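Residues or ranges marked as compositional bias 'Polar residues' by TrEMBL: 1-24. As annotated by TrEMBL, region 'Disordered' applies to 1-36. Sequence annotations record features per position, and here TrEMBL assigns transmembrane segment to 65-84, 90-114, 135-152, 164-190, 202-226, 238-260, 318-345, 365-387.
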Amino acid sequence: MVPTSAATTKENNGQDQDSNTSTAIDEPKTELGGAPVMRSLSTHPLLSPRARGLKIRIMRFTPSWFSVTMGTGIVNTLLFDLPWDETHAVFRAIGAAFLVLDIILWVVFLVLTVSRYIMYPRFFTAMVTHETHSLFLGTIPMGLVTIASGIARTGSEYGVAHSLNIGIVLWWIANVMSIATAFGVPWVMFTKQKHATETLTAAWLLPVVPTITQGAVGSSLCRLLLEDNRLDYAFTIWIISYIMTGIGTLLAMGLLVLYLQRLVLHRLPPREVIISTFLPLGPCGQAGFALIELGRDAIDMLPRIASMYPDREGLQQLALLGAPLLGVGLLTALVLWGLGVWWAFNAFISVGTDLFKRRIAFNMGFWGLTFPLGSMTLATFSLARLFDSNFFSVDFPRAVTFLLFLPSLQRGNVPASTLIDPNT
């Protein structure tokens, strides 16, 4: 947002301008003598390829950076949720390191974000009404809720006092932020922005997916509260987690229909955002994980709640719903897992094709690859534990790992001396 006031005047001398002449937008620059000198905006520090100085870096900071915290936080969650118990001792310390890194990144990014809108308050309105930047507001609560999950589940092992309570407080804060993005950003899209089908990307999922993540993390907090015999609080979080999961899952399914229509009618997204084809894995994996874990919580919690209040008829009836809720959650998770596999197949093919053509350069969008794959992995681990299946715990992760390393097989130049001994 750089104001431009004066521009160079064009003379009409009846001759055509040279088509090779580059046109640049200029702004006046006053020297010490007072005479205005024209300077191209391409040299302005705000628009230069590399930011120089803290003030310019703060000015150019956007919410999309919080996708880094999502990708970092999901690694910590995965390392603490592996289905192989004998490996936990090895990976828990690594997971704790990722958690510390996640906290540092999120706090630094929050300070930069707050500083940006204090220093440049008009940027906030411009960001909220921007068709792309506003979508990444959902990455802020998603990054925070991964921190809440990590602190609640692992803080006590490293001497963090009241780690569960700290995690729950952060979960409530992330809840408020998730509701704000899930309700506010779509409303702004309806009333303040202009969109077209051909410009639609899977980034439209970002404002609503945080509510699903809240439900998934809420299931983990509920289990920790049950272990601490805090049944009433666990029951409250359990209900809210189901509500949040329902909001996000149903909205995400509607958006996936629109995204599928966009792919059919207008082909794949441009190469700059082709990595966004992995984003549909996020709601599929997070929702599947949440429904399974909330069902498991119900089997343990509802009978205990009913025994605490034997005179309350409604709770006595709820005690019978644990197994049905787990069954429905399992079936729904399997359906969502299959849908996620379908989206993963299309994403691998789409990105792989562009990689083999050497059309993709690394950019910030690549951080959108980590969290969706981690979400699908969480759902896979939940299915592995429930079915006690080697397919979900070993075979499928092995196949996905192979696909992730396929880009390393793309064509390149290899010196002949490395393959053939020149002395023979």
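Every residue, even glycine, has its Cβ placed from backbone N, Cα and C.
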Determine whether the transmembrane segment (365-387) and the transmembrane segment (65-84) share at least three Cβ pairs under 8 Å, counting only pairs 6 or more apart in sequence. yes
Which residues of the same chain, at least 6 past either end of the transmembrane segment (238-260), have a Cβ under 8 Å from a Cβ in it? 175, 178, 182, 186, 197, 200-202, 204-205, 208-216, 218-219, 222, 280, 283, 286-287, 290-291, 294, 297-298, 301
Determine which residues of the chain contact the transmembrane segment (202-226) at the Cβ level, with the cut-off under 8 Å and only residues 6 or more beyond its ends counted. 132, 134-139, 141-142, 145-146, 148-149, 152-153, 164, 167-168, 171, 174-175, 177-179, 181-182, 184-186, 233-234, 237-238, 240-245, 247-249, 251-252, 255-256, 258-259, 269, 273, 276-280, 282-283, 286-287, 289-290, 293-294, 296-297, 300-301, 304, 368, 378
Counting only residues at least 6 beyond its ends, the same-chain positions whose CB falls under 8 A of a CB in the transmembrane segment (65-84) are 91-92, 94-96, 98-99, 101-102, 105-106, 109, 112, 136, 139-140, 142-144, 146-147, 149-150, 153-154, 364, 367-371, 374-375, 377-378, 381, 384-385, 392-393
